[in-house]
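Undergrad: Have a look at the structure that comes next, please.
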Amino acid sequence: MAGWRGSRGGGDGTPSDDRIASSQTVRLGKVQPQAPGHRTVFCNDREANSLAKYKIMGVVNLFMGKRKIRYIHSEVNHIESQMIAWVHDIEVVASWSGDSLQWLLLWIVGLKGALRYHLLGFLLWLRTSEGNSVSTTKYDVFTFLPKGLFEQFRRVANLYFLMISILSCTPVSPVSPITNVLPLSLVLLVSLVKEAWEDWKRFQNDMSINNSNVEVLQDWNWVPTPWKKLQVGDIIRVNQDGFFPADLMFLASTNPDGVCYVETANLDGETNLKIRKAPERTWDFVSPDKVSEFKGEVQCEQPNNSLYTFTGNLIIDKQILPLSPNQLLLRGCSLRNTEYIVGAVIFTGHETKVMMNSMKIPSKRSTLEKKLDKLILALFTVLFCMCLLGSIGSGVFINSKYHYLRFDTSEAQFDPDHRFVVAILTFFTLITLYSPIIPISLYVSVEMIKFIQSTQFINNDLRMYHAESNTPALARTSNLNEELGQVEYIFSDKTGTLTRNLMEFFKCSIGGEVYGTGVSETEIGAAQRTGVKVDAQKRSSAASERGFNFDDARLMRGAWRNEPNPDCCKEFFRCLAICHTVLPEGDESPERIRYQAASPDEAALVVAAKNFGFFFYRRTPTMIYVRESHVDKMGKVQDVPYEILNVLEFNSTRKRQSVVCRYPDGRLVLYCKGADTVIYERLVDGNPDLKRMSREHLEQFGASGLRTLCLAYKNLKPDVYESWNEKYIHAKSALRDREKKLDEVSGHQYSQPNIKKFQVAEQIEKDLILIGCTAIEDKLQEGVPACIETLSRAGIKIWVLTGDKMETAINIAYGSEVACKLINNGMKQFVISSETEAIREVEDKACHTSRRCFSHLGDQIELARYMKELVKNELKSCHEEAQKFLHMDSAPKLALIIDGKCLMYALDPSLRGMLLNFSLNCTAVVCCRVSPLQKAQVTSLVKKGANKITLSIGDGANDVSMIQAAHVGVGISGQEGMQAVMASDFAIAQFRFLTDLLLVHGRWSYHRICKVVTYFFYKNLTFTLTQFWFTFETGFSGQRLYDDWFQSLYNVIFTALPVIIIGLFDKDVSANLSKKYPELYKEGIRNAFFKWRVVATWAFFAIYQSLVLYYFVVASSKRAINSSGKLFGLWDVSTMAFTCVIVTVNLRLLMMCNTLTRWHHISVGGSILFWFIFVFIYSGVALPNKEQENIYFVIYVLMSTIYFYLTLILVPVAALFCDFLYMGVQRWFFPYDYQIVQEIHRHEADTSRIGLLEVGQSQLTPDEVRSYAIMQLPGEKSRHTGFAFDSPGYESFFASQAGVFVPQKAWDVARRASMRSKPKTPRTPRTPRTPQRN
Amino acid sequence: MNSGTPSSSAAGAGSADSIAPRRNSKRPKYSRFTQQELPACKPILTPKWVIGTFLLVSVIFIPIGVVSLFASRDVVEIVDRYETECIPETLRNDKVGFIQSDRSKTCQRTLRVPKNMKQPIYVYYQLDNFYQNHRRYVKSRSDQQLRNNGSLQDTGPCKPEDNTAGGPIVPCGLIAWSLFNDTYGFTRNNQQLDVNKKGISWKSDREHKFGKNVFPRNFQSGTLKGGATLNPNVSLSEQEDLIVWMRTAALPTFRKLYGKIEVDLQRDDLINVTLENNYNTYSFSGKKKLVLSTTSWLGGKNDFVGIAYLTVGGLCFFLALVFLLIYLIKPRQLGDPSYLSWNRNPSGH
């Protein structure tokens, strides 16, 4: 007992619900608290592991719903213990594969005696085949139906129809159950088939992953074994380019020094290689003989989802070796540049970090859909009113004077003595009768349309395909297509989004001297702005290499030795060459080497060092080799190895990176590079001139739109270093519990070991000596200015939220040729900055009291109060001024520039409203120096405060919160990491593709969905109202006008397809014109096509049409309808009316089309034709055992009369007459903008294709060229791919195995990480380090 | 396992990059469908189209309207409302009592023929305020039973007229039970005018819905009599009054075909109708009318279709003229950019 209690460690204070949380799916970016307790894994010993699990997991907490069952087993037999261990495992699995397993398990463990023993034994046997297998399916065979149905009935519309269906089984119902059951089951069927298909694909994908082979150590041999058979503690071998099947502890590799290189692209999208290093003790476990002797015990944390943390100990022969993330090879990563590695399985299957990390895609609903809910609600109200009216009528009507109706007490609904009961029952009758007013197939149709729109149109758009990075656009959700057509505010990140994130070393300042002759793009822009002509030729053409765009004769080719401060230069270059985490790849020659860097800035700096003659060419875990052009004499080269003692890594809070290295001569130096603010804080006192000069240079660089870094170094005394290092290692290797004790910082987002580490790091990164600073140019992305201009013409306001300095941000935003055209000189700019004299003063005051700014609490509070007051006043004055401008006629446009610190105060609840009011009046807003959280705050300020539709676009992890906060999140793919993409709703490769995404796809989707929704509304209203008018003439009895089958098939067959066609194909203006007239987009922002006014118009015409449809048909069939004097009965009239409804409604659809493809004709014609075919068969065949054959022969009777044809012409024409008149008048006198554009270009052929041909010609495959040629043939109609769902949800896995690319679907991103993607066998191994060659 | 020498691997790495995109290209495949470039015509509702369409509709509709109106006007119709007149004046205070009593309900009516009527002249009865389309009424029948001799017991929906002590009722249900039972006899100049009651029902009903070997059983044998009785020896398929009655009407005011007079009637002929006023419409104050009508090629007298056609056609013509006038006086230039909203008020929306 005591044992397990101890092993739970500090978990006692943790609420037990943590256990639930840890098994739930969690969004990336939020790291869940670690599960309490440790886990012990015995390497290479399966038996021991199964036993060990029991020892550790003495307590199994099983949660079923809110019920918690605790099993405490102190002494049980072996098999029982295995079961208990397994119960825990199944719990993890069950949380993935659905509830059924849990229930099964609950049932089994609740049993007593032999049965329980056998069942558990059987399941245990089943488990032997489970191990490392993963299941990402939503359902299994048993849960599919109940769970799938449950999911479906969570939609209100479906639930409503379920209730109506139940109601229609009661005698109250005027219609047979089929009327409501059939459409409901069809809709459910379609949805369920879609679910099943998707799940089946997932299952297949899982299977292929589970069955792929890996080599496992068995009896001194490597035996290929399927992944799923892997178990914790197994020793496996992974070959080059292979994927790790589970989370492995790294034991040994073929590389010397026990390192290996891994690519984590599947995890976080970063393509640079990362080094992993095995514990030294196990380096030689490469051969089977050797490794077979290995018996070790790993004590590590419980499985969790934090990708970048891991703490544990490896115990070999009672020796404890600390384990860190450096020794962990995560499932989903692949091995590179290493022949093979040997590892021990630590976490399997769903316990692997990547699986724990897979997230549910946050479901966003579009604004239009929310409005649709309101419309449905309105329809419910209408339905209620209609039913109420009818039921009152029936209560009044019921009277025993109608003797032929035999109203008596036998049936409650026709009991004239209880009118109130009659009314209530009739109410239900009428609800079932009028139920089609709620369009049941609306949701499923809209879903289908959006699905095809996103998978077929957005994902496949060649205009949004970026050839350089080979990235097509990706719609990760199909919910938000039409939202794209209504975006009013765009929040954009700067770096990597507006700019290329393609960093080039551009300028530097060494020892107070500026080097670099280039003129940055933004400078050119700035110059043009002020009217100075800049010779573009002046731009350095010496950009010899990617990442290096620097030219200054004073530094290049060793000339730096003649500069006034050569030593400083030397340190500068060494710092560049040593202080980084870059990996070299390829040949060790300056021309052929390639650098793998976590960020492009780093790579640019290393490249710069190379060009200055400090060529970093090899890295081992402990050494960095630099080939230095000889320091004393020109032309000589010397290879200098530097021993890297510590790397204090970079992150966004530290904003700096340090390396402690030992020169060959034993000198200990700490090199540090980082943001100016953090470096300046840590500089040694003295040398104020250099500091001032450098600061000036920094500001100058910043003003040119360059990214700056400060470099500094510090010589270390060995004894100081040693004592520090001890502390540092201590902090690093400490296990969790101890850190918790040590840790004083709380509420921090980093896991505790890191905080501890940072605290220790802090102790040595001080008293630095400034060397200089670097300036890196981040080029604007292609087409950004044009795109921004187009978007702003479209009425979209773009806010730039960046972490950059204010000067950089303003320069990037400035409206010139090269920079983004966000701000221009004509604008009235409001700058709210914390970098003002007044604030500096207060800051300085605060600085006086303590050595470091802001560290003293009292001053900080005072400063905050002061700042808040300041910001408030500033905002107020800006606001007042803005108000003044607003009332002027020719008011200049306004722009607001605010920095993060001020924003923090401006976002305070008391000032928020003013900020919002003011900023909404601005055409451009730039927020600089903002944190990720502030980005999200600003986004939700506009989203919630102003109720505008927002879009966030970004590329990095710091944009994730903003992307999730906005209505639509767009990630830039194919660049830095994948985190932004993983959190986004749409992923595009370039900022400029936003024009296509918004102006083309978004606008079309909006138009289409609006049309679909309003049409659905109209057609169901029309249909139901004809019933309603009939009710008045049936004594409010609720007699149905239409046959059951007519009514049930109306929505799902007779009017289903055309509306889908319009949802897919309708195009008001072509893609090119959409971009040529971006102003058209404003119609979407104003929501011009789904306003209540639009809905009311449709409702009006629906009422008019239903009146015409009903009364015209009835009136024309009152008298004898043929020369033999015969008359129509009820069903003749109803069939005639229904025919008219079908024809009218389908023709109305044709009237609202902007384009008519033959699919329109086919679907509309087909729908009408299908109705006739249906009714011919239905009324032609006498069904046996059918009690009432009302429709028998009716259509033939109808068609034998001339009246039928006369009515069929008259009624639709009369019904659509008003619509046509309205359309004509509207277009003539109050045309929409798109209609004018249509007219302007009415004679032009659709030129978009030709444009595309020009763009895409070079990239066309011969097949495609041929198919173009065929298409261009005169008179030849194009081959159509059809709109069969060609492989929706088909996982990219299989397709990529076959070498075919399939765009990712939203649902497979979660599994993407665990997938083995395409085998890269054809690719020859990339070996950067080739020890064989020298 | 290790493939290739270092040098070749380096070279391979270089070339793989240039070749790889071609093979592993994620470039979407071109198709007109995915690029949304399906060939399409783009109809624009220009003023010409509006005017043209209105004109076209009027050109088609007005003649149709004229023709059908003429056809309707050709029809001669005599309508005689008799439900009040056929009750002796003294008893008109208690019409229901009269109709439920055992008195003789024979009644004489005289009709004057306003125009020449060509045979066949159709005799209809028209009921008013009679809800044949009431839910309770419509469903109260069993088509199975009407068609098959073997389905006598199929009286499921027929309640309350489904069974008697003597077994199931054929035909069951309220519809059959309330069969209309007024009868008309016609004489002209004391000369009997035969009423042909054959062929007054739809052929499909006669042949398919009402069985040849199904005979009425237990019909109207209950205590409450709803209407006419049926001859139990005549099969249902020959009981055309029943067949006509059971094709329930759509509206509470409806006509049913009673028979045909296959003699021409001359203008100003006086027709004597001997009328058995048996059917009780008095309790719900329903009207009863006797209608004699000829038909045209189109059918009975129904001005509605013609008027509707003429109205729609005339409206269209009128609108075509109005639009034409506007078009001539103040034409709207197609595709005039000044109509664009951002050109109308450049400061924004």
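Quick reminder: no glycine exception, Cβ is built from N, Cα and C everywhere.
Any TrEMBL annotation is an automated prediction that lacks curation.
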Undergrad: Choose the correct range: of A:179-196, A:1133-1150, which one does TrEMBL annotate as transmembrane segment? Give that range.
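TA: Spelled out, TrEMBL records transmembrane segment over residues A:1133-1150, not the other listed ranges.
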Undergrad: Out of A:375-400, A:420-444, A:1162-1181, A:1193-1222, what stretch is closest in contact terms to the transmembrane segment (A:1133-1150), meaning most Cβ pairs under 8 angstroms?
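TA: Of the candidates A:375-400, A:420-444, A:1162-1181, A:1193-1222, A:1193-1222 scores highest.
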Undergrad: For A:D959 (Mg(2+) binding site), what is the secondary structure by DSSP, using just helix, strand and coil?
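TA: A:D959 (Mg(2+) binding site) sits in a helix per DSSP.
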Undergrad: By Cβ distance under 8 Å, which residues at least 6 away from the ends of the transmembrane segment (A:420-444) in the same chain are close to it?
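TA: For the transmembrane segment (A:420-444), the far contacts come to 155, 157-158, 160-161, 164, 167-168, 170, 172-175, 179-180, 183-184, 186-187, 190-191, 372, 376, 379-380, 382-383, 386-388, 390-392, 394-395, 398, 412-414, 1013, 1016-1017, 1019-1021, 1023-1024, 1027-1028, 1031, 1036-1038, 1040, 1047, 1050-1052, 1056.
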Undergrad: Based on Cβ pairs under 8 Å, which of the stretches A:375-400, A:1050-1069, A:1090-1113, A:1193-1222 lies most in contact with the transmembrane segment (A:1162-1181)?
TA: A:1050-1069
Undergrad: Other than its own, how many Cβ atoms are within 10 Å of the Cβ belonging to A:R929 (ATP binding site)?
TA: 23
Undergrad: A:R929 (ATP binding site) to A:D959 (Mg(2+) binding site): how many Å between their Cα atoms?
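TA: Per the Cα atoms, A:R929 (ATP binding site) and A:D959 (Mg(2+) binding site) stand 13 Å apart.
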Undergrad: Summarise the model confidence on the domain 'P-type ATPase C-terminal' (A:981-1231) as a single mean pLDDT, whole number.
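TA: Mean model confidence (pLDDT) across the domain 'P-type ATPase C-terminal' (A:981-1231) is 90.
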Undergrad: Where else in the chain does the transmembrane segment (A:375-400) make close Cβ contacts, counting only residues six or more beyond its ends and a cut-off under 8 Å?
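TA: Counting only partners 6 or more residues beyond its ends, the transmembrane segment (A:375-400) has Cβ contacts under 8 Å with 156-157, 407-408, 414-416, 419-420, 422-424, 426-427, 430-431, 434-435, 437-438, 1013, 1017, 1021, 1024, 1028, 1031-1032, 1035-1038, 1095.
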Undergrad: Which ones, of the binding-site residues A:D493, A:F650, A:R707, have a Cα no more than 10 Å from the Cα of A:D959 (Mg(2+) binding site)?
TA: A:D493
Undergrad: Write out how many residues of the domain 'P-type ATPase N-terminal' (A:131-180) are helix, how many strand and how many coil, based on DSSP.
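TA: Each residue of the domain 'P-type ATPase N-terminal' (A:131-180) counted once, the result is 25 helix, 0 strand, 25 coil.
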Undergrad: Can you tell me how many other Cβ atoms are located within 10 Å of the Cβ belonging to A:F650 (ATP binding site)?
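TA: Excluding its own Cβ, A:F650 (ATP binding site) sees 19 Cβ atoms within 10 Å.
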Undergrad: For A:T495, A:D959, listed as binding-site residues, tell me which one has the smallest number of other Cβ atoms within 10 Å.
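TA: If we count Cβ atoms within 10 Å for the binding-site residues A:T495, A:D959, the smallest count is at A:T495.
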Undergrad: How many other Cβ atoms sit within 10 Å of the Cβ of A:D493 (ATP binding site)?
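TA: The Cβ of A:D493 (ATP binding site) has 27 Cβ neighbours within 10 Å.
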